[in-house]
Structure formats: structure tokens, C-alpha cells
Amino acid sequence: MGDLGAGLLQAGLLLLLLAAVHVPLGDFLARTFAGTRHLRLERGIYRVLRVDADADTRWPTYALSVLGFSTVSILFLYAFLRLQGFLPLSLGRPGMEPTQAWNTAVSFVGNTNWQSYAGESTLGHLVQMAGLTVQNFLSAAVGLAVAVALVRGLVARGTGTIGNFWVDLTRGTLRVLLPLAFAGAVLLLLTGVVQNFTGATTYPTLAGGSQTILGGPIASQEAVKELGTNGGGFFNANSAHPFENPNAVSNLLEVFLILVIPFSLPRAFGTLVGDHRQGLAVLSVMGTIFGASLALTTWAETHAGGSVPQAAGAAMEGKETRFGEWASALFATATTATSTGAVNSAHDSYTAAGGGVVLLNLVMGEVTPGGVGSGLYGMLVLAVITVFVAGLMVGRTPEYLGKRIGQREITCAALYVLVTPAVLLTGTAVALSDAATRSALLNTGSHGLTEMLYAFASAANNNGSAFAGLSANTPFYNTALGLAIWLGRFLPMVLVLALAGAFAAQRTAAETAGTLPTRSPTFAGMHLAVVVVVSALTFFPALALGPIAEALTGAQS
């Protein structure tokens with residue numbers, strides 16, 4: 001089978017798998033968060049935390065719970081990283097220095113997993129398991145909870161309440177993420193992903209030398225790393241390392257784990273609001289942009305200009321030969337269209353066009369399909385903006401699912417779409433304005449700008465992948481990127497919860513002849529246009545100076 005046939009087979013199998021599970025998983029997610037019964041284990045957790053599981057809260061209480069829990073998580077993980085040298089299973093590794101510990105703690109609690117360190121040489125097994133892997137579960141559950149709270153706000157009929165964060169967090173972790181991650185870890189083990197507790201072992205090589213190989217609890221971390229759209233690797237090479245991703249089967253499974261919850265959440269949304277066509281409209285926008293991104297990235301990497309790529313048949317620099325350009329492009333699209341950030345190839349080595357597309361995925365806000373929870377609430381915020389714009393165009397009162405889009409609602413939505421660009425572009429400008437911080441770039445010109453832009457786009461959008469041409473382990477970048485992660489994660493969450501509270505305080509208006517149908521193909525098309533215009537064109541000047549300029553320069557040469 002040729003490369004084209006193998007690539008199409010992978011994409012087709014992925015599509016079939018996602019189509020097969022998105023309905024049952026989406027319905028399961030809806031039942032999980034709509035139910036009123038608590039499991040015995042859950043009731044025990046609520047008693048320990050002294051939480052009234054039956055209390056319904058307003059959005060300020062919900063937001064304070066999110067921020068309080070995340071702050072405690074950051075402090076706990078920071079202490080864990082600083083004190084590693086005194087902990088068991090540390091493999092003799094010392095604690096992290098303060099700015100790197102801050103960056104790592106915020107990164108994993110913020111579902112970003114930006115790594116300015118090499119995991120195999122910096123962290124021991126206990127920190128990997130009880131520190132980073134635990135946050136892989138909890139950060140994903142926080143995003144899931146916020147998305148569900150927004151949907152509750154749309155469904156509520158004047159109650160002003162959006163649920164209980166502690167109940168949503170517990171259910172998302174115990175009922176959704178833990179079972180799915182366990183199943184994913186078992187399947188990854190069957191494909192050859194490593195799971196043990198060995199340290200560094202030295203083996204003789206066929207060439208007569210020696211090589212030191214590190215084992216560890218990799219499969220258990222790998223499953224939730226992908227399922228929770230986290231992305232932080234056990235090894236510095238991430239999913240390009242054969243212990244994390246040994247073959248084509250494991251690669252396809254990891255891409256499936258990345259996409260399965262984000263693409264199932266629109267179905268859960270449709271079930272919760274009582275109209276599956278609403279979920280299909282959101283899903284169609286996600287799927288259309290994802291498919292276009294995959295096609296463009298694959299084309300760019302398989303039709304690269306220049307004598308060397310043409311002689312090799314594709315741009316294979318920075319890619320594993322066991323995957324090739326098709327599987328690498330599929331993984332790169334999935335990991336940047338969500339908030340995952342895991343990599344099985346070097347994005348910095350992609351063609352200018354291919355690197356530009358994966359960067360575009362980041363700056364579009366990762367809503368196609370986006371991260372666990374964050375993708376859905378990002379799409380719903382953009383749907384609110386779409387309704388508002390459509391209402392202005394045709395002279396109708398803007399309403400979404402029977403909820404009026406007034407000044408308060410559109411203010412929350414507008415601030416939501418402004419936060420990430422402000423953080424991203426400000427951070428990039430500050431880093432480029434000083435010669436000392438510019439010296440961390442390994443490239444100059446348009447590619448150097450792309451590397452810097454990618455770093456802050458990855459941080460502000462909670463992705464975590466990188467163009468490796470930036471030497472980011474410095475006090476400035478550890479601090480600045482950590483701040484970008486915090487602002488890019490939690491400010492949008494607070495605005496989403498404020499929007500949910502505004503909707504929850506309203507009674508649902510009856511649908512009339514003047515109501516804009518938000519489940520029609522026409523609205524879905526306009527929704528798609530708003531995603532592209534609002535999210536992508538905001539960054540066009542920066543993209544024009546970076547990957548677009550590099551691509552045009554390469555075409556001329």
C-alpha cells in the first residue's frame with residue numbers, strides 16, 4: 001500500500017471510530033452531569049470536603065470554587081516539584097528551580113503542559129505519577145465542569161444557578177476520565193507502550209557501545225495525557241519516542257483519544273438542551289474546520305518545494321519514519337486543533353505552510369474541536385457572537401436557545417474573544433522588544449518571529465506544543481509563559497461562567513416566527529465564518545510577518 005492509500009486509510013478509520021462512539025459517549029456525558037444520584041464513593045468525597053452536594057450555586061460561587069481549587073493545585077504541585085529531591089522514587093533528581101517549578105505547576109494545572117524541561121532527566125516517578133498525572137485528570141475535569149455549567153445556564157429557566165463545581169469535578173473525574181483513561185492505558189499497553197518502575201538501565205548496542213534507557217509508568221500517563229487533551233510527555237521527545245508511541249496502531253489510538261471527548265461534547269450539548277440538531281450544528285462547524293486543516297497540513301508536508309523534499313517524496317525532516325508525513329500531519333492537526341500539544345514530529349521542521357496551518361489552529365482558539373470542555377464553551381461563546389451579528393444584520397432581537405443576547409451577555413462574549421489575543425500578542429511583543437530575550441531564538445527573520453509567536457500562542461491557548469527553536473528554560477520565559485498560561489486559562493473561564501449566570505437568570509422565551517433558527521445549515525455556515533473572521537483574522541498581521549512571509553520567500557527562491 002502506498003503512502004496515499006495508508007494515509008487515507010488512517011483518516012477513514014479515525015472518522016469511523018469517532019462516528020461510532022460520539023453518540024453513545026455524548027449521551028453518557030449528558031446523563032453523568034444531568035443525574036441527581038451520587039455514587040457511594042462520591043458521597044464519601046463530599047463528606048471529606050464538607051461539600052453540600054445538593055446545593056445549586058450561582059456563577060460567582062462556581063467561579064470562586066474553580067479559582068480556589070486551581071490555586072491550591074498550583075501550590076501543591078509547586079511544592080511537589082521543589083521538594084522532589086527529598087521524595088521517594090525521585091531517581092536521585094533534585095527539585096526544580098523556582099521559576100521552572102512555577103511554569104510547570106501552572107502549566108499542568110492549566111491543562112497546557114508546556115514543558116521547559118526534559119522529563120526523563122528532570123523528574124522522578126513519584127512526581128510524574130502523583131503530581132503531573134493527577135493534574136492531567138483534574139485539569140481536564142475542570143474544563144469539562146465549566147462547559148457543563150454554561151450549558152446549564154442556557155437550559156435554566158430564571159433560577160440564576162448553574163450547578164455545583166465540586167459535584168461536576170468529582171463526576172467528571174470518577175465517572176468519565178478515570179474509566180476511559182484506564183481502558184486507553186490497557187489498549188496502549190497492548191500496542192507496546194511501556195509501563196514499569198525501572199530507572200535508568202544501560203544496555204550494549206550492536207555497534208559495540210552502550211546506551212542508557214529509562215523506563216517508567218508511561219502507559220498510564222500517556223492515556224490521560226491524550227484523553228484529557230493535556231499533552232505533556234514522559235520523555236522530551238513526547239509521542240515521537242517509541243516508548244510512548246511505538247507504531248502506527250498506537251499513533252492512531254492516541255489521535256482517537258485526543259479527539260473522542262471534544263467531538264462527543266456537541267452531542268452531550270444537544271442532549272442537555274433537548275435538541276440534537278443544535279449539537280449537530282456545532283459539530284458540523286468543528287468537523288469542517290478540522291477537516292480543512294488536516295487537508296492543508298497534509299498537502300503542505302507531502303508537496304513541499306525544494307530539491308531535498310522532492311527527492312525524498314515529502315518533507316521528512318523532523319518526522320519519524322515509522323509514521324511518515326501522513327500520520328505526522330494527522331497527529332499535528334489533532335494536537336493543535338485541541339488543547340493537547342503532544343507531538344510525534346517536530347513542528348519547527350514543518351514547511352512554512354504546514355507550520356503556518358498548525359499555528360493557525362492555535363490562534364483560532366482551539367475550538368475545532370478544542371480541548372476537553374474548553375472547545376465546547378469556546379464554540380458556544382462564538383455562537384452567541386454569531387447570533388448577535390445575525391440579529392444586527394436582519395433587525396431581529398438576538399436570542400440563543402430562547403435566551404436574549406443583551407448588553408451583559410455580549411460584553412462577556414466580546415471580552416472572552418479579546419483576552420487570548422491580548423495576552424498572546426502582548427507577550428510576543430515584550431519578548432521581541434529586548435535583545436536579551438530575543439537571543440533565545442535559534443532562528444532569525446520570519447521563522448524566528450513564528451517561533452516566538454508560536455510559544456505565546458501555545459501558552460495563551462493552553463496547548464503546550466512548541467517550535468523547538470526557542471530556548472525557553474530561562475527565568476524570563478518560565479515566568480512570562482507561566483503568566484500567559486494562567487491568564488489564558490482562567491480569565492476566559494470566569495467570563496464563560498459570568499455568561500452562564502446571565503443566561504441562567506433569564507426565563508426561556510418561546511420560539512416565534514422572528515426567532516433566528518440556530519440549528520440550520522445557514523446558521524452553521526455563518527457560525528463557521530465568525531470562527532474564521534473573529535479568531536483567525538485577528539492574527540493576520542502577525543501571521544503575515546511570520547509563516548506567510550516565510551512561505552512566500554521560499555516560493556520565490
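We number each residue from 1, going along the chain as drawn.
For all residues, glycine too, the Cβ spot is worked out from N, Cα and C.
The following features are taken from Swiss-Prot:
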- 4-24: transmembrane segment (TRANSMEM)
- 61-81: transmembrane segment (TRANSMEM)
- 131-151: transmembrane segment (TRANSMEM)
- 174-194: transmembrane segment (TRANSMEM)
- 253-273: transmembrane segment (TRANSMEM)
- 280-300: transmembrane segment (TRANSMEM)
- 375-395: transmembrane segment (TRANSMEM)
- 412-432: transmembrane segment (TRANSMEM)
- 483-503: transmembrane segment (TRANSMEM)
- 528-548: transmembrane segment (TRANSMEM)
For the transmembrane segment (528-548), sequence-distant contacts whose Cβ falls under 8 Å of one of its Cβ atoms, 6 or more beyond its ends: 285, 288-289, 352-353, 355-356, 359-360, 363-365, 367-368, 379, 382, 385-386, 389, 417, 421, 424-425, 428, 446-447, 449-450, 453
The transmembrane segment (4-24) in contact with the transmembrane segment (253-273), cutoff 8 A, at least 3 CB pairs, sep 6+: yes
Chain residues in Cβ proximity to the transmembrane segment (412-432) (below 8 Å; excluding those fewer than six residues from its ends, i.e. six or more beyond): 363, 365, 378, 381-382, 384-385, 388, 438, 449, 452-453, 455-457, 459-461, 476-477, 480-481, 483-484, 487-488, 491-492, 495-496, 498-499, 502, 534-535, 538-539, 542
For the transmembrane segment (61-81), sequence-distant contacts whose Cβ falls under 8 Å of one of its Cβ atoms, 6 or more beyond its ends: 87, 95-96, 100-102, 104-106, 108-110, 127, 130-132, 135, 138-139, 142, 145-146, 149, 162-166, 169, 490, 493-494, 497-498, 500
Long-range Cβ neighbours of the transmembrane segment (174-194) (under 8 Å; 6 or more residues past either end): 28-29, 32, 39, 41-42, 137, 140-141, 144, 215-216, 218-220, 222-224, 226-228, 243-247, 249-250, 253-254, 257, 260-261
